[in-house]
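What TrEMBL says about this one:
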type: TRANSMEM; residues: 20-41; note: transmembrane segment
type: TRANSMEM; residues: 61-86; note: transmembrane segment
type: TRANSMEM; residues: 107-132; note: transmembrane segment
type: TRANSMEM; residues: 152-172; note: transmembrane segment
type: TRANSMEM; residues: 184-203; note: transmembrane segment
type: TRANSMEM; residues: 250-269; note: transmembrane segment
type: TRANSMEM; residues: 371-391; note: transmembrane segment
type: TRANSMEM; residues: 417-436; note: transmembrane segment
type: TRANSMEM; residues: 456-476; note: transmembrane segment
type: TRANSMEM; residues: 481-498; note: transmembrane segment
type: TRANSMEM; residues: 537-555; note: transmembrane segment
type: TRANSMEM; residues: 576-597; note: transmembrane segment
type: DOMAIN; residues: 880-1088; note: domain 'Peptidase M1 membrane alanine aminopeptidase'
C-alpha cells in the first residue's frame, strides 16, 4: 500500500494552491536576487571580484535564504507541508478509516512522509531554479563566470536537500508522534536558538570549529570551510564535502533520521491513542461523567441582557484577559520565555567582544545585543499566535457557537488583538527582568530601569503594528498556514526586497521608524524621538484602517468566502466604525503628507541610483579643474559657536591662502557643505581682497569658482573669509545628522570650506563609472606619482598650518579643540574657550562639546587629561597607563613628543572608533570606555590600553611623519601606529598576550582578503585597505622586529623619522620607508623585505607528526615533523608556489597556571631554515610537553593557521596543498 498512499498524497499535494504559492514566492524572491546579483537591475552597485554564479556564491545564496528571517519563512512552509501530512487525518477525523483498513504502519507512515518530502523538495527547489533563471539574464555581464549547471546542482545537493530532509523529518515526526503541530513550531525556535548561539560564539576564534559542526543548516560549516578562500578560490573551486562541512551534514542527517525512526517505532496505529499533553496537563476525556455533567438549567442564575457600549467594553477586556491567560499558560509561551532567557544569558557572554574581550553589561548593550534575539522570538510568537487566535474557534469546532453569540465583530477581533498586546508586553517584561538579572549576576548594578522601560515601550509600539498586520492577514486568508506565510511578507520580507530594489523611502517600508540613532549614555535617544512617534503613528493608523475594514469580512459561522462574510457583517459596520475608519485614514494621510514634506520638500531625497548620477555629473562638470593650480591654506583662525540645545553651529573666520607654486594663481576653486535644501548656509564665502569675479556659484554641488583679477604671485598670500551657519530643520528620509547633538557634539574641519577640486566626490566604483562612460579610477595614485606626492594623504589643500580658534558652548558643557587653552570666560550664559597651537599642524582638527567630567595626570611635564561621561570611569586608569607607557616607549625609540599635553575626549557611540588629532584624541564611548578587562585572566587583551597606545602612536606616525597621497602611505601611519602599540603591549603584558593578539590579526587579514572588491596589493602599496594596513601590518611588523631584532628595527625607524618628520612637499612614500628597513637587514634575511612588503606572500605551515618519550635522565625526547609551502598571490588571490628556503621558528610548549588560567609555557623555541618541504626534528626538553609546532607565534602569513601547532597524543590533520605538485616526503632527520 506504500505506492498507493504515496501517489495519492503526492497528487493531492500538487493539486493544492498553497503549494504553488509557496513555490512561486520563493522562486520570485530568488529570481529577483539573481537578476540583481547578475547586474540586470539598473541600480547603484559597488565593485566586486566575485562571480555570482560560482558554486560558493550559489551556496551563499541558499544559506542566506535559510538564515534568520528567511529561515523563519522556510520553517513555516515546511511545517505547513510536512507537519500536516498525517495531522490532517486527525483534523478531518479520517484517521479511523485508515487505521481500520488493511494498511500496515510502515506503508502509511513512510508513504505520507515521502510524498510530503518530495512536495517540500519541489517547493524549495524554487530557490535554486529562481536564482539560476535570474543569472541567465546576466550572461555576458562582468560578474558572470562561465555557466555551469554543477555550480547550482552541488549546493542544492549539499544544503537544500539535506536541510529539507532534516527539518522535514523532524517536523513530520514531532507532529505525528504528538498529533499536534505545536511541537513543530517549538522546534523551529530551538533551531533558531542553536543557530544564534553558534553565530555568537564564533567571536572567540577557538569556538569556530565547534560552531561549524553544531549549527543545523550548514551555514557556519560553509563559512568555516571557505573563511580564508580568496576571490580566485571562490570563483574557481567547487565546494569540497570534507572537514567540518562533512561532519555537520552527517551529524544533522543522523539526528533527523534518528528522530524519524524513533517516531515511527513510537507511533501507535490506533485511533484511540491518548493525545500527547504538555506539562502533565490532564485531558478532559479523563474526567468522569459526574465531573463534566452540566448543571441543571434551574440552578443557573438569571441574567439580564445588555448590549450597550459599557457591556461591549466589559466584554472586550474580559475576552482579552481570557485569551491572554490561556496563551500565557500555553507551552508555546512558556518555551519562548525559557529559550529567550537562555539565549540572552549566552549572548551576553559575547557582547561587544573585541579580540575576545567583552564590554560591561551596560543596559543599552543588553537591549541591543542579548535582547535582540529575544525580540526576534517575539516576532515568531506574534505570527504564530495571530493565526491561532483567529482560527482556534474553527479548529475546535466552536465557530458556530461564537458566530451566534451576542458579541460584535469589533469585540471579538480587538479582544484578540488586545490579548496579543498583553502577551507581547509580558514577554518584554521578561526581557527587562532577564536583562537586569544578567547585569546583577555579573556584579554590574547600574541597571537603568527607566531606560529598560522606555526602550520596551518603544518596542511594544512596533510590535503592536506588527500584530495588527498579522491578525488582518489571518482574517483575510482561507488557510491558517498560508496566513502564517503571508504574514511574514509585510513583517519581514518586504523590507529585504525593497532593499534589493533600492526602494528606500520610509513612507512605504512597513513599520519603519524613520531616521534613527542608537541610544547613547551621553546623548540619550537624541533628536529623533519626535519623528519616531510620527512614523509609528502613521503606520499604526494605517493598520487600524485595515483592521477596521477587516471587521466587515470577519468569519462568523460557516461562511467561507470573503463576499459572503462581507454581506453577513456589513450591517454591523455602523456610523461609529465608519467614523473610526475615516479618522484613522485621514490621520494616515495627514501624517504621510507631513513626512513627505519633511523628507522631500524641506530636504533633498535621492535614491542611491540618483546619488550615483549626481556624483558622475559632478565629475564630468568639474574634473577639468583638477589640475588647475590652487592656493594652499597656511593658517586657519576660526570662531565657532556651538548651541547644543538647538543643535545649531555658527562659524566665522578666515584662512590665509599662500601661492606655493612657481607661477601666478588666478583661479580659486571652493568646495563647501550645503547647497539647496541643506542645513548649511553661508552669508560670506569669498576672498577678502577686492578685485575678484565670481564665475560659478553652484549650490547644487556646493562649488564656488572665483577669477582673481590680480593673480597671486609665487610666495604671496591672500585672506579668505567665510561665515557659516548650520541650522537643522525637520528630518530627512532614513538619515539624521549625528555630529551636532544635544550632548557630545563632534565634528571636524571637513564641515568647513576647502580649496581645490575634491576627487573624493567622484564615483569610486569602476562598475558604476563604466555605466556613465567614465575612465576606471584607481583607489590611490601610484606610489611613485610625483604630482600626487605634492599633497599629503590627509589634505589636498594644505601642508602644515598655523591654527587658533575660539569656541563657545552652553554654560554646562566644555568645548574643546586642538591646541593649548589660552583663555576661558563666561558671557551671556555661555562658556568660551580660546585654543592656540604653538607650532604648525596638519590641516586636520576637530571640535567637541559635552557635559564632561575630567581626570588629570602628568608624564614628565606633559599634561594628561581625559574628558569623559560621568559613570564611565571603568578604564580611565588603563587609558592613562596606556598614554604613559606609550610616551615612554616612543620617546625612547622614535624621538621626542612634540606637544605639552595629551587629551582623550569621549564622544557618543554613533561611530565606533578613536581618532588622533594634534594632542587631542576623540574616543567613542563604545570602544574603550565600557570594555571589561579581567585582570586575573592573562589571556584577555587589554583593549583600552591597546587602542590608547595606537592613537598616541599617531602623534608620531601621521602628525610628525605623513606620506604623500599615494599608495602605501598608510604604512607609515596606521601600520606604524599598530607596530608601536604592539611593542608597548608586549612590554606591559608579555609574549603570550601577543600570540593571541596576532592570531586575531591574522584571522582578520585572511578573512578581509576574501572580500576584496578591487585588488589586493602588497603592504608597501596598500590603498586604505584596513585588513592590510591594520591586520596584516601588525603581523608583518612584529615578524620583522623578530627577525631583525627590536633595537635594529627601531634604529632604522628612528633614522627614517628624523629624515622625514614635518616634511614639506614632495612627501615621503613607502618606498623610502621600506628602503630604510632594507638597509638595516642582513643579506641572509633580505628575502623577508620582498616577501613581507613588496609581494603578497603566504605560507602553508603545518605539523605532520609529533611524539615524545621520556629519557632515563628524566627529560623528554621530542620528535617533530613539520612542513612548509610558500606561495605568491596575485591581486585576486591566485597562488603560485615558489621554493621555500626560509628561516622559521619551531617550538615546544607545556602549560602552566597563571592567575588561575592555563597558559602555554615555552620549553623550546628556535629558528631553523626550512629548505625542504618537510623536515623531522629531534629535540630534548626538560618538562613534559603538551604541544609543538612550526611558526607557533603566527609571525608569518599562513593561509591555514590552525594547524601550525598541535597537541601531543592526537594525529594532526592531513594537509592537501591544492593545485600543486605532490610534496616529496623527506626522510632526512635534523637534531
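The backbone N, Cα and C atoms fix where each Cβ goes, and this holds for glycine too.
No curator has checked TrEMBL annotations; they are predicted automatically.
Taking every listed stretch (20-41, 61-86, 107-132, 417-436, 537-555) in turn, the largest tally of C-beta pairs under 8 A with the transmembrane segment (184-203) is reached by 61-86. Taking Cβ pairs closer than 8 Å, the transmembrane segment (417-436) reaches residues 316-317, 319-324, 327-328, 333, 336-337, 340-341, 344-345, 363, 366-367, 370-371, 374-375, 378, 381-382, 385-386, 389, 447, 449, 452-453, 456, 459-460, 463-464, 467-468, 471, 547 in its own chain, all 6 or more past its ends. Same-chain neighbours of the transmembrane segment (61-86): 9, 13, 18-19, 22, 26, 29-30, 33-34, 37, 109, 112-113, 115-117, 119-120, 123-124, 127-128, 131, 155-156, 159-160, 163-164, 167-169, 171-172, 174-176, 181, 184-185, 188, 191-192, 195, 217-219, 222, 376, 379-380, 383, 481-482, 484-485, 488, 492-493, 496, counting only residues six or more beyond its ends whose CB sits under 8 Å from a CB of the stretch. Sequence-remote contacts of a segment are chain residues at least 6 beyond its ends whose Cβ falls under 8 Å from one of its Cβ atoms, and for the transmembrane segment (481-498) they are 18, 21-22, 25, 29, 32, 69, 72-73, 76-77, 79-80, 84, 379, 382-384, 386-387, 390-391, 466, 469-470, 473-474, 504, 508-511. Here the transmembrane segment (107-132) has long-range neighbours at 1-10, 13-14, 19, 22-24, 26-31, 33-34, 37, 58, 61-62, 65, 74, 77-78, 81-82, 85-86, 98, 152, 155-156, 160-161, 164-165, 168-169, 172, 176, 260, 264, 267, 269, meaning same-chain residues at least 6 beyond its ends whose C-beta is under 8 angstroms from one of its own.
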